[in-house]
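Here's the structure, in structure tokens; my notes come after.
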Amino acid sequence: MGGAYHLQVAATFLLLAAIASIAAAFDPSPLQDFCVAIDDPKLGVFVNGKFCKDPMQAKADDFTFSGLDKAGNTSNAVGSNVTLVNVDRLKGLNTLGISLARIDYAPYGGLNPPHTHPRATEILVVVKGSLYVGFVTSNPPKLFTKTLNVGDVFVFPIGLIHFQLNVANTNAIAFAGLSSQNPGTITIANAVFGSDPAINPDVLTKAFQVDKNVVDYLQKQFWPEN
């Protein structure tokens, strides 16, 4: 009887611990209706990584962003452009645990290169064109891919490497919702070969099993952050 009771208590404790760990993996829940971010600490209080404006001083403009109707410039090395609306651009997002992005892709070959969002799951919907999208799981890595057309939706789990490639002969557009006010982005090629200061070439030569000349060449390239 005692053993079964203690087993039940232990199982309950482990379940609560698991729930707590999942909850802690995302933005903290807000403690008030909203918290409009401000830059001057003299004018507010610090909540969820930003200082909050006095709620009595909040305006409709604090919850408004204009510009996602405009195409981003895709004349770059990867042929894509991400317009991110996070807490830095829309102050009213502070503590709300969500952000939005518009992604523009150049005709056939426009790429949002492999990257991760360390603090957010992403859900993407195609509104123009066709995209080949995918993500890779943690080790052992498994690739999940799909070709999306207008109206199709795909989800990229939090923290996993993912990408989108325009496979149409026209411009493509997608919108993405992210489960953080500040999801963060780590572009894989840029992080590995374009860090400042640079990663020791011996590390990359061993990790990628390539000649040092290859690593030297890659580290000299310009790696767009997108």
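Keep in mind that glycine also has a Cβ here, set from the backbone N, Cα and C atoms.
No curator has checked TrEMBL annotations; they are predicted automatically.
Marked as oxalate binding site by TrEMBL: ASN112, HIS117, GLU122. Taken from TrEMBL, the feature Mn(2+) binding site applies to HIS115, HIS117, GLU122, HIS162. Marked as disulfide bond by TrEMBL: CYS35-CYS52. Marked as domain 'Cupin type-1' by TrEMBL: 66-216. Feature annotation from TrEMBL assigns signal peptide to 1-25.
Compute the center of the Cβ atoms of ASN112, HIS117, GLU122, which mark the site for oxalate; besides them, the chain residues with Cβ within 8 Å of that center are ALA101, HIS115, THR116, ALA120, LEU124, PHE156, HIS162, ALA176, LEU178, PRO183, THR185. Mean pLDDT for the domain 'Cupin type-1' (66-216) in this predicted model: 96. CYS52 (disulfide bond): 21 other CB atoms within 10 A of its CB, across all protein chains.
Listed in chain order, the extra residues whose Cβ falls within 8 Å of the Cβ center of the Mn(2+) site residues HIS115, HIS117, GLU122, HIS162 are THR116, ALA120, PHE135, PHE156, LEU160, ILE161, PRO183, THR185. Taking the Cβ of HIS115 (Mn(2+) binding site) as reference, residues of its chain lying under 8 Å away and at least six apart in sequence are, in sequence order, ILE161, HIS162, PHE163, THR185, ILE186, THR187, ILE188, ASN226.
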